[in-house]
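Enquirer: I have a structure I would like to understand better, so I am pasting it below and will then ask my questions one at a time.
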Amino acid sequence: QLQNKILILTICAAGIGGTFQYGYNISIINAPASYIQVFMNTTWLERMGVPLESNMVLLLWSFTVSAYPLGGLTGAVAAGPMAIMLGRKMSLLLNNGFVIIAAALSGCSRMAKSFEMIMLSRFFTGVNAGVSMNIQPMYLAESAPKKLRGAVALTSASFTALGLVLGQVVGLRELLGGEESWPFLLASNVVPALIQLTALPWFPESPRYLLIDRGDKESCISALQKLRGTSDLSAELEEMLAEQAAVKGQRAKNPWELFQNPGLRWQLVSIVVLSSAMQLCGNDSMYFYAAYVFQEAGIPEDKIPYVVIGTGSCELITSVTCNMIIDYAGRRPLLLGGYIFMAAWAIVFMVALSQQTQISWMPYLSMACIFAYILSFGIGPAGVTGVLPTEVFDQMSRPAAYMICGSLLWFNLFLVGTAFPFIVKSLAHFCYIPFLVVCVCTALYVWFFLPETKGKSFLEISEEFRKRNFKAKTRGGFYKGPEEIKTTPL
């Protein structure tokens with residue numbers, strides 16, 4: 001059907017220049033790491049006449065790596081105001097400007113003999129990823145029909161995984177990962193940006209944004225017709241008009257206002273717990289230090305880049321699978337199953353690492369654990385976490401909620417990236433104990449406190465959270481109906 005094609009093409013146009021860039025730019029920096037460090041040392045020698053000490057090279061490299069999450073944090077904070085003022089689609093389009101600047105800087109860095117340009121490039125790349133990680137799931141979930149909302153929003157995780165895999169493939173020495181071609185590898189992120197700039201303008205803005213934020217009913221109906229075709233729109237429009245009426249007279253909220261609002265208590269706790277757990281569960285440590293982990297597991301050095309591609313492929317396969325089953329299985333079972341399996345595999349992984357010098361087949365078990373851990377992450381936490389803020393917050397609170405989620409995601413990414421080498425040094429084979437604790441605690445939270453949102457309208461989900469947020473007041477007879485409803489996330 002034509003309407004399904006339009007929705008699918010909208011997903012692809014948003015994804016290729018959106019969360020795809022996050023995954024792609026995480027993985028392309030790994031292949032040329034040694035070449036960039038040599039370039040830093042050579043450049044310094046030419047400028048100052050003396051080479052850099054090895055610890056100074058590592059310090060400059062750590063600045064280059066940490067510029068990415070710092071940019072991501074900046075982008076996450078900027079995403080909320082951008083989504084409100086510019087709209088979802090326009091924000092995604094303008095966001096490509098950051099990547100174009102980044103590609104120009106990194107592409108010309110060797111010619112200009114400036115490693116500072118690479119650092120600045122990584123910062124701008126991070127800003128792009130920070131914006132798209134927040135706005136793309138919001139744009140897609142608001143554009144999708146209720147019965148497909150989970151699957152459509154979850155494509156953000158699939159594009160992240162696709163970016164990881166393609167970044168790993170392009171980073172092979174046979175392609176752009178060689179000593180002569182690394183500036184082109186770092187600048188190759190301009191290609192997805194140009195594709196999105198060409199494709200996305202042909203597709204509609206989020207219908208919910210047009211109606212509820214802008215009050216433009218005609219544009220909303222026009223966008224819905226493009227996305228749904230000629231099918232009956234009355235039920236969906238009625239639901240959106242009810243949500244518009246519920247937030248009438250309200251303005252878009254700031255992040256600190258969410259913390260002050262008792263009607264948003266459990267929604268906020270849920271996204272804080274799940275957004276933090278997504279990075280603190282240890283999955284990204286597999287990508288940042290994949291080569292190191294596989295070397296410890298006994299894999300020959302010349303085969304490591306190909307094994308690393310396998311890890312990215314695992315996450316891609318599971319995120320696509322999760323896409324297919326999320327609207328049948330629900331959000332809670334996928335999150336719960338993902339974290340329970342990750343906890344189990346973390347235990348097996350630590351035992352395997354501790355015994356790998358004693359038992360000949362243990363390195364293969366260690367490698368299997370890494371694949372299983374990434375599979376478990378991909379089947380639930382990787383995608384469902386990004387869907388929830390759209391579902392549990394109303395139109396006025398949603399951009400601020402994504403700002404909080406994004407800020408936590410990038411801060412924790414930086415925290416884990418900085419702390420993991422020290423955790424490995426102090427705990428050795430038992431380096432996954434902190435991640436095991438996070439997985440167990442998150443699984444317990446999901447089991448006891450997170451309601452299912454599958455197949456429910458935004459108003460139905462808000463009502464379920466309202467009962468939790470005002471449970472004590474309702475029991476005590478203090479609940480006053482309409483007065484309370486004014487602060488409810490409808």
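Just so you know, glycine gets a Cβ as well, placed from its N, Cα and C.
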Enquirer: Among 7-24, 277-294, find the range that TrEMBL records as transmembrane segment.
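Expert: In TrEMBL, the transmembrane segment feature sits at 7-24.
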Enquirer: Against the transmembrane segment (7-24), which of these stretches has the most C-beta pairs under 8 Å: 118-139, 151-170, 182-203, 365-388?
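Expert: Selected stretch: 151-170, with the most Cβ pairs under 8 Å.
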Enquirer: Checking distant contacts: for the transmembrane segment (365-388), what same-chain residues at least six beyond its ends satisfy Cβ-Cβ under 8 A?
Expert: 133, 137, 141, 149-150, 153-154, 156-158, 160-161, 270-271, 274-275, 277-278, 281-283, 286, 290, 293-294, 296-299, 307, 310-311, 314-319, 321-323, 326, 331, 334-339, 341-342, 345-346, 348-349, 352-353, 356, 405, 442, 453
Enquirer: For the transmembrane segment (182-203), give me same-chain residues lying six or more residues beyond its boundaries with a C-beta closer than 8 angstroms to one of its C-beta atoms, as numbers and ranges.
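Expert: Counting only partners 6 or more residues beyond its ends, the transmembrane segment (182-203) has Cβ contacts under 8 Å with 6, 9-10, 12-14, 16-18, 20-21, 24-25, 28-29, 31-32, 35-36, 89, 92-93, 96, 99-100, 102-104, 106-111, 118, 121, 125, 128, 170-171, 176, 226.
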Enquirer: Answer yes if the transmembrane segment (118-139) and the transmembrane segment (58-80) have at least three CB pairs under 8 Å among residue pairs 6 or more apart in sequence, and no otherwise.
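Expert: When sequence-distant Cβ pairs are counted, the transmembrane segment (58-80) touches the transmembrane segment (118-139), since at least 3 lie under 8 Å.
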Enquirer: Checking distant contacts: for the transmembrane segment (92-112), what same-chain residues at least six beyond its ends satisfy Cβ-Cβ under 8 A?
Expert: 14, 17-18, 21, 39, 75, 82, 86, 118, 120-125, 127-128, 131-132, 135-136, 139, 183-184, 186-190, 192-194, 196-197, 200-201
